[in-house]
C-alpha cells in the first residue's frame, strides 16, 4: 500500500498570545478548529517578562516540549518545576487546573504546546503530570535518521508515557539524503509539523515543504514516508492520535462535549467549586511579581 499523502498544508503565521508571547498556531485557528483528537498546536516564542501567567484548563491534556531555553510551570496544587530544552511535560488537566508558564532563562524560550482532547468519560478525572527530562527520552539513530520518542514507538524503541487518548508523538531529524518509513496505526489521524529545513512527505514526487508548515495526512495509506533531498538537516514532528468522534464544545481553555457542560465549567471556575476550590486564594509567584 502507498504511504499516507498530504491532504492539506497550512503555514503557521505568528500571532500574539498570553502576556506578550508570540505563537505560530496551526491547529486551533479558524481554518482548522479541530483535528480529532487535537485541539491546538502552538510553536511558541517568549522572552521575559512575557509569558503565560495564571490561567485555567479543563477537559483535555497539554503536552509542552521545549526546543530552546526553559519555562517554569507552577499550579494551584503546589506542583512546580522547570522544563529545559529537550524536556517535555504531559499534563492531564482533567477536572481542572489553574497554572502559569513563564520564562526561566535569559533570551528567547522556544517550544511546542499540543492540546489533546479527552473523551467524555475522562474529562473530569484528577489532574496528573508526566514529566520526562531530555536525557530520559528514548532516542534512536539509524541510517541518517534520529528520532526522539515522546509518545508511541519508532525504530524499535518505545516511550514510557501513558496516553489516555492513544497518541504517538515523534521528533525526527533526517540528515541530507536520508529516507524515512514510519508506521502509523491505521485508525489514527496524523499530521507533520516542520521545525527546520525542508523535506518531501508522502509520495516521492510531492513538492518539498519548509519550516512552520503543518501537513495533515490522509486517513488511508501505509504510514509516513519522508525524504531529505536538501543539503541541510530536516527536523519535524510526526503526531497521531485515535479520533474520539465526540462533539466538542469549547470556550478558550475549557473543552467539554456540550454547551451545558461549558456553562457549568464557567460556573465552577467563577465560584471555585468542583475542582477549582484552590484557585480562590492562589496566585503564582510570577503573578505576584506582576501585581507588584
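Note: Cβ is positioned from N, Cα and C throughout, glycine not excepted.
Taken from TrEMBL, the feature domain 'Pirin N-terminal' applies to 23-116. What TrEMBL records for 55, 57, 99, 101 is Fe cation binding site. For 169-274, the entry in TrEMBL reads domain 'Pirin C-terminal'.
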(request) Determine the most Cβ-crowded residue among the binding-site residues 55, 57, 99, 101, using a 10 Å radius around each Cβ and all protein chains in the structure. (result) 101
(request) Using the recorded Fe cation site (55, 57, 99, 101) as reference, state which further residues of the same chain have their Cβ within 8 Å of the centre of those residues' Cβ atoms, listed in sequence order. (result) 52, 54, 56, 62, 73, 75, 97, 98, 100, 253
